[in-house]
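The transmembrane segment annotation in TrEMBL covers 6-27, 39-59, 71-92, 99-122, 128-148, 160-182, 188-209. If you look up TrEMBL, you'll see 215-256 marked as region 'Disordered'. Feature annotation from TrEMBL assigns compositional bias 'Basic and acidic residues' to 215-245. Among the features that TrEMBL reports, compositional bias 'Polar residues' is placed at 246-256.
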Amino acid sequence: MNIAHTIFGVFGNATALFLFLAPSITFKRVIKNKSTEQFSGIPYPMTLLNCLLSAWYGLPFVSKDNTLVSTINGTGAVIETVYVLIFLFYAPRKEKAKIFGIFTCVLAVFATVALVSLFALHGNSRKLFCGIAATVFSIIMYGSPLSIMRLVIKTKSVEFMPFFLSLFVFLCGTSWFIYGLIGRDPFVAIPNGFGCALGTLQLILYFIYCGNKGEKKSGDAEKNEKSMEMKGDEKSMEMKSDEKQNVVNGKQDLQV
């Protein structure tokens, strides 16, 4: 049982690392275009909070036999901090203010949980408090892409929902869900079970709308082209009308 627990923990570490690194493709595009475009910045500070709380929960003085949880989430916290800083640098002023506000709240929440658990709680009460906090914000982290899923359904395009991000949400959620079940740890199993289900929904949406990627843009281009053609036809008709009028005026001048 312990071997299986370790195996799924290691696999969970690997998939979680890929999950944390998956947005690097998006941020490469952001840096290249010097714009965050329509990408949502909300998932990154929320993921950061989840990483900080989960890393804290995995520490030996909070919960036993969860070192793998602590190490990968500590790594994830560093990566997500870099993403947040890049997003803040390239985001428009309004979006920048929103993400900075969320980022500040994230640090405040983590500091509060850490200090309360460290100085006011002990033993099982500390584990329970930190576990509930980690569970709640893990579910919020997994739920943060819901706005992107709504955009996908609205636009019928997956342009702003990267495939690899959705894939590793599913793989990471599934592996840690099984890890939590084997270890009989509801604070690991419950949020990652939710992540597994949400990752499945994202993959379903991707395969439904992946053929429509960029279709909206093409439609707009076609609409603009038709508009230009109509304007050209109108201008041509006006020129023909002017020519006819000139001919009539010429005839009238000859008659006179």
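A Cβ is built for glycine as well, from the same backbone N, Cα and C atoms used for every other residue.
Describe each of these features in terms of where it is and what it packs against.
Under 8 Å from some Cβ of the transmembrane segment (6-27) lie the Cβ atoms of residues 39, 44, 47, 68-69, 71-73, 75-76, 79-80, 83, 86-87, 162, 164-165, 167-169, 171-172, 175-176, 178-179, 182, all in the same chain and six or more residues away from its ends.
Long-range contacts of the transmembrane segment (128-148) within its own chain (CB-CB distance under 8 A, at least 6 residues past either end) are made by residues 40, 42-43, 46-47, 49-50, 53-54, 56-57, 62-63, 109, 113, 116-117, 121, 160-161, 165, 169, 173, 186-187, 190-192, 194-195, 198-199, 202.
For the transmembrane segment (188-209), the residues of the chain that approach it from at least six positions outside its boundaries are 66, 69, 134-135, 138-139, 142-143, 145-146, 149, 152-153, 156-158, 161, 163, 166-167, 169-177, 179-181, judged by C-beta separation under 8 angstroms.
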With Cβ-Cβ distances below 8 Å as the criterion, list the same-chain residues six or more beyond the ends of the transmembrane segment (160-182) that contact it, or say none.
1, 4-5, 8-9, 11-12, 15-16, 18-19, 22-23, 25-26, 37-40, 142, 145, 148-149, 151-152, 188-190, 192-200, 202-203, 205-206, 210
In the same chain, who gets a Cβ under 8 Å from the transmembrane segment (99-122) while lying at least 6 residues past its ends?
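Same-chain contacts beyond the ends: 41-42, 44-46, 48-49, 52-53, 56, 62, 84, 87-88, 91, 129-130, 133, 137.
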